[in-house]
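Chemist: The structure's right below; bear with me while I get my questions together.
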């Protein structure tokens, strides 16, 4: 025992000494149950399937499901049994081998933890590791992390003493960080965590494997499969494996970082570049999760298209120190300290570097096509006063003699209708349709709403295009057609001195028609494209149609397009161009064919006819396109194009040397390059970003002085402050006041004779009241002689009849009533039925409608009261009432909540409720609004009304209310909006069903009408096409989910529920939260992992709830208040009490921008009627009332 203690003490000291200079377990990402991890089942070959909250890119594929295995690996396919891959590497399925061997955690000491994490603090840590490994890249902004930790796992089959204490154990970790276009693997090998480097396999000691395995791939002639690439981190050498904890490619000992997958173009696994150790081995400090100092997730990183994959043998692989700062295009971006082991056979015909034979371009006159159908916006002769909103938010409106024009502000470019920040990358999204014949085939191949995505780095002219779901019979033959999406290259081409790209001249709304004639076969193809401007996500939107025939390019062939020059001629609202393009086809048998085609295109647009300032535009410009990359990815059915574009003079001359015009400047992708003398230049961050130009960070949004209360308008009781963008605002007097908005005075309505002649007028601030004189009765606007005679209500008559029958000994039957004794209804102060009726003698309570009729399935037992909605309405006030419309709401995020007769708004200052600025948004006399929802695209509020009943909407930018659904409703109490697919969903708690319709109320369809008792709240997750709803059925409350097309209906929660009234979904954290009036708790759950936690307990009587950032806001019936809850601290932080106290119902937020998201029904998916999203696709459905032309299909 003494010797063992002495040995243990020295071992501990030795471990501490080692950890000083190496990676420690403490330096890994947090793990364990305290970090929210889940545990893999114990065993020797256990696998856990995990559905990812965000897609992961691996090699050239995209995956939503992964598999975690005991044996030290993560796979994207269901793994085989261990006997099929242990000792037989590389495996036949795709995997990340972190420390692959025959491992064991069945003794209870070893554990395998895993979790998904999108907290800002975790994402910031992943960003730090990746940025240190790739210091040249500044677009690394992960939005999701998968963390897997193998702790104290032993080698299986190694004998020990029996208590497990003498077994050697390893600890290591894998973090997969993903963003919109790439995924990275971060591997941690702590020095004290690696105690063995081999495991017994089939009686032999086998070194562990580390690396990235693509698995089996198709052979050259698709006759059989062959092993795909296997990128190894450590080799079959003990020293190499031991160096995992000693060396690095990220600047930190024991930490290894790799780019493992990209989209739309993938070349190979790329290792980190920093193989020397940083001076500081410690990890930096990170902010708490609630600090918003983390990068935005919407900036994808794209690989360079201009790097040849197979460099010539005599080319230097790495730049020498005396070479220029900006490497030539044919130099690879990253050094590779460990070369991947590729097991594929050597290709017989490798692509050659691009050939370029300089030619003198010719100016070709192209006639205008009279048949071209143009659909573009048109200016009219109105003034800026009524048309300012038609200009871009980054443009000024200017009046001229014949009308107005829009002009982009300094720092932006475009035509004024569409403006983008100088230097900012631009994206393009759209759909492709059409019929294309290939070769001599008699039948065309159909394209139906195929997705087109493009990305261009504006400050160097590089453009990338990808079109999805291209069948194998068409994909190879589309490779020569790089300009199918290359128009965005012209639109945002790198401008040479004195020349402008397409977007600078005509903006984002134009029509393009191109005619392609292939030689020598004379096949013809027509391309028609409609560019529809910049959408709310700052993406250029395009629709494309293809019609004609292509020469066949055999499957397995590659295409090389030579650099070319294209002449553009600019006229009045017309641009024409033409060119001849050469390309070579490398066939699978090794032969090469050289072909060409003629290109002729016409672009039409509408300039502003009122502009009196003649804009100097070069009548002829030349587009130079080189570094062209084309590829058809048959595995993912993707056609990819990439190219570099410059716009300049048609005359030859010495090439520009300034890096701003060559594109080799090193400025941030969110920066503009400003040329100086000679080769001097500066980098200037784009509008909305700050930094030194080499690194730019998004800045805070401009100050909303209206929201902050720092404006100089008159007091809120007399004036309204309206935010107009940037840091500007305007002041205007409220109704009932007059003035300039800075000083407002009350209007004396009583001097205008507004009341009846037999009434007295009482003036008040901003309003007045009328009251009939003694001896008259009425509302003050109409007065009648005599005393008013109160007419009893139905409730009062029923109550009186019960009392009379009790006194006379007779019996009166009144529905609802219990089976015993007598029951008398309870009436409120206005004589209406109280929503909750109780019978004291039997201890039962139930809900009634406005006629006093019992609502089914609401009766409770002794000691309980049901949650009943007050279906009565507050009588209209005496005097003038507000019209049921909306005055324009100041920009910024607001809370909207419903009370009987109105919808109110509370501005949010960050997460704090600006109570002093709270006011009524919408007056709804004689109505009870219940559910409230918001459409961020059209800035419109939607609500349900149970007195109509109906579903209505009103624009926050001002205007009247519009009724959308008014028939076949009884009690619509829940409402959800899908802003992408333009759909609304609602629950009806009396009809017991869930319905869907277009946002205009058309094309209604019942999704569910079974197994529902009291459905109330419903929320949508447009990104994944999911619906969530709650049913407060007292015999079995539950929370359910399904796809928006009604498939995959599942019960999420059924235990520990009482009255789940409020429900909200936060797409950023992917948390579903609810407020329960029965358990008096607010709880949240990840719908994928089903992890559930309590946020607050002991609340009163919540009705509805909504999420905004780190806060939850819920309405409470008992407190008659809106309550704020901080999810990060699990406590209530604020409370708002409306001026008029009454029950508060539904609640929603008005975000300033729509969440960055996409689903398959963004453009109705090509459906004839309803396009209903689901996870990974969509379904075309018919409404319940069909017109005969509806087609249902599932895609």
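Keep in mind that glycine also has a Cβ here, set from the backbone N, Cα and C atoms.
Given the structure is predicted, the values throughout are model-derived calculations rather than measurements.
TrEMBL lists 286-297 with the feature compositional bias 'Pro residues'. Annotation comment: TrEMBL describes 838-845 as disulfide bond. Per TrEMBL, the feature domain 'NIDO' maps to 98-263. The feature domain 'Nidogen G2 beta-barrel' is assigned by TrEMBL to 424-657. According to TrEMBL, the feature domain 'EGF-like' maps to 656-697, 702-745, 746-782. Residues or ranges marked as domain 'Thyroglobulin type-1' by TrEMBL: 792-868. If you look up TrEMBL, you'll see 276-360 marked as region 'Disordered'. Per TrEMBL, the feature repeat 'LDL-receptor class B' maps to 939-981, 982-1024, 1025-1069. The signal peptide annotation in TrEMBL covers 1-22.
Please situate the listed features within the shown structure.
Modeler: Cβ neighbour count for residue 845 (disulfide bond) (all protein chains, 10 Å cutoff from its Cβ): 19.
Secondary structure counts, DSSP: the domain 'EGF-like' (656-697) has 4 helix, 15 strand, 23 coil.
For the domain 'EGF-like' (746-782), the number of residues in each DSSP class (helix H, G, I; strand E, B; coil) is 4 helix, 16 strand, 17 coil.
The list of residues near the repeat 'LDL-receptor class B' (939-981) in space but at least 6 beyond its ends in sequence, with Cβ under 8 angstroms from a Cβ of it, reads 849-850, 855, 869, 871, 873, 884-889, 896, 898, 903, 921-922, 924, 926-933, 987-991, 997, 999-1001, 1004, 1015-1020, 1022-1023, 1027, 1029, 1044, 1063, 1146, 1148, 1150, 1154, 1157-1159, 1161-1162, 1164, 1171-1173.
Assigned with DSSP, the residues of the repeat 'LDL-receptor class B' (982-1024) fall into helix, strand and coil as follows: 0 helix, 23 strand, 20 coil.
Secondary structure of the repeat 'LDL-receptor class B' (1025-1069) per DSSP, as helix, strand and coil residue counts: 0 helix, 23 strand, 22 coil.
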Chemist: Looking only at the repeat 'LDL-receptor class B' (939-981), what are its DSSP counts of helix, strand and coil residues?
Modeler: 0 helix, 25 strand, 18 coil
